[in-house]
Amino acid sequence: PRVCVVGSGPAGFYTAQHILKHHGGALVDIYEKLPIPFGLVRFGVAPDHPEVKNVINTFTQTARSERCAYHGNVTVGRDVTVPELQQAYHAVVLSYGAEDNRVLGIPGENLPGVYSARAFVGWYNGLPENRDLKPDLSSETALILGHGNVALDIARILLSPLQLLRKTDITDSSLAALACSKVKRVWLVGRRGPLQVAFTIKELREMINLPGARAVLDPADFTGLENAVKDAPRPRKRLTELMIRTALEKPVEVQAGAAAPRAWGLKFQRSPQEVLPSADGRRARGIRMALTRLEGSGDSAKAIPTGDVEELECGLVLSSIGYRSLPLDPAVPFDSQRGVIPNSSGRVEGVPGLYCSGWVKRGPTGVIITTMNDSFDTAQSVLEDLQGGVLDISPSREGFGVVESILRSRGVRPVSFSDWEKIDAAEVARGKAAGKPREKIVDPAEMLQIIGH
């Protein structure tokens with residue numbers, strides 16, 4: 001059987017890995033829009049978390065298998081359609097993730113100085129489409145809307161001492177911009193309370209221990225919570241206890257004459273109403289927030305505006321309220337409310353032979369391990385359908401042979417995995433010269449030039 005996987009992030013690679021491992025004859029082709037593979041492992045994981053990127057080694061082994069092929073620089077839905085792929089393969093798995101962000105839907109969110117977390121993370125991680133972002137870091141106060149791990153990542157990158165970042169694979173241009181940054185204070189704001197934060201204890205602890213930055217948590221926000229979390233699941237209990245301990249710690253005395261330390265803090269039960277423009281209307285100068293009260297408890301608690309509002313001065317606003325998947329091809333059903341492809345265990349509803357895995361299957365939540373389990377689940381559905389005869393493999397399918405001629409006729413030149421390895425070697429060599437693990441190339445044209453395309 002010939003199987004095609006669209007998207008080369010964790011969902012795509014884990015799906016391919018599972019099929020190859022459990023079916024000795026399957027051939028898997030992976031298609032990717034960019035010349036370079038690995039999706040959010042490369043473009044989402046923070047530069048100072050290199051250990052999380054170790055999964056790239058596993059993905060590389062998968063890509064080097066003689067039954068697997070990687071075809072980068074191919075945009076499915078534009079260069080080749082999903083129906084064309086279905087003609088060429090016995091099964092097609094869509095694992096292309098979430099390439100958009102949720103919008104706030106409030107006045108002023110398009111003012112200069114307001115950025116989506118997705119674009120900001122893409123900028124410091126070298127995602128080609130965000131390479132020209134040039135975020136304005138000239139304000140002392142930044143405000144991040146959201147209480148997830150991505151919000152903490154951004155706060156940490158904004159406040160990290162430069163010598164820590166210099167040793168990472170953060171891009172050269174963002175390092176230069178951060179070196180001139182005036183940001184000293186970062187507020188992380190959420191609509192709900194301390195019991196609903198979505199970040200994990202590891203990330204919170206890392207932020208609390210960040211050198212040169214102090215945590216500002218208001219003890220009043222945590223009144224009575226020790227009792228409320230007594231019966232909560234252990235991770236939630238430990239996370240809340242860490243916030244309470246941090247809130248109650250006495251601030252360290254700052255020596256006279258020492259530079260004002262950087263600071264960060266959590267604000268709860270505030271919902272953004274409007275980004276306020278500067279006097280000339282040219283940029284963001286602050287944000288107006290509705291104070292909320294919670295109805296219900298635990299993860300299902302809802303934030304209801306109380307009628308009171310509060311304004312906070314800040315020249316940099318980052319919206320970290322989630323990613324969003326987009327429809328890929330008119331031939332594929334898509335639930336635009338939920339931003340997912342309607343499916344059951346990865347089988348796309350109403351389209352036999354078409355599957356999905358990862359964020360486009362279940363929504364943009366969870367860490368790499370969540371995506372791994374989810375992708376194995378989809379791969380299992382493909383394997384069951386092959387074994388049970390649901391997928392008819394008697395007609396031979398040409399796979400990439402057919403697709404290659406379609407692409408050639410449309411002037412598209414795919415990039416192979418060995419091409420990527422040349423780009424990889426160039427990045428590592430540039431990094432070595434700068435004392436970094438790699439210096440990412442951010443311009444696709446330059447990537448193609450390196451491999452002589």
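Each Cβ is built from the backbone N, Cα and C atoms, and glycine gets one as well.
Values in this document were obtained by computation on a predicted structure and should not be read as measured data.
As written in TrEMBL, here are the features:
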- 2-158: domain 'FAD/NAD(P)-binding' (DOMAIN)
- Ala11, Glu32, Leu40, Val76, Trp359, Gly366, Val367, Ile368: FAD binding site (BINDING)
- His147, Gly148, Asn149, Val150, Arg191, Arg192, Glu203, Gly366: NADP(+) binding site (BINDING)
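For the pair Arg191 (NADP(+) binding site) and Gly366 (FAD binding site), the C-alpha distance works out to 20 angstrom. Across the domain 'FAD/NAD(P)-binding' (2-158), the prediction's mean pLDDT works out to 97. Looking only at the binding-site residues Ala11, Glu32, Val367, Ile368, the one with its C-alpha closest to Asn149 (NADP(+) binding site) is Val367. Residues Ala11, Glu32, Leu40, Val76, Trp359, Gly366, Val367, Ile368, recorded as contacting FAD, have a largest CA-CA distance of 25 Å. The binding-site residues recorded for this entry are Glu32, Val76, Trp359, and the Cα of Trp359 lies nearest to that of Arg192 (NADP(+) binding site).
With respect to Cβ neighbours within 10 Å, the binding-site residues Leu40, Val76, Val367, Ile368 differ, and Val367 shows the lowest count. The Cβ neighbour count for Glu32 (FAD binding site), using a 10 Å radius and every protein chain shown, is 26.
For the pair formed by Leu40 (FAD binding site) and Val150 (NADP(+) binding site), distance between Cα atoms is given as 12 Å, rounded to the nearest Å. Sequence-distant neighbours of His147 (NADP(+) binding site): residues of the same chain at least 6 apart with a C-beta under 8 Å from its C-beta are Leu188, Val189, Gly190, Arg192, Gln196, Val197, Ala198, Phe199, Leu266. Taking the C-alpha atom of Glu32 (FAD binding site) as reference, the shortest distance to any of the binding-site residues Gly148, Val150, Glu203 belongs to Val150.
Taking only the Cα positions, the spacing between Ala11 (FAD binding site) and Val150 (NADP(+) binding site) is 19 angstrom.
Within 10 Å of the Cβ of Arg191 (NADP(+) binding site) there are 23 other Cβ atoms, across all protein chains. Checking each of the binding-site residues (Val76, Trp359, Gly366, Val367, Ile368) against Val150 (NADP(+) binding site), the C-alpha distance stays within 10 Å for none of them. For Glu203 (NADP(+) binding site) paired with Val367 (FAD binding site), the C-alpha to C-alpha distance reads 12 Å.
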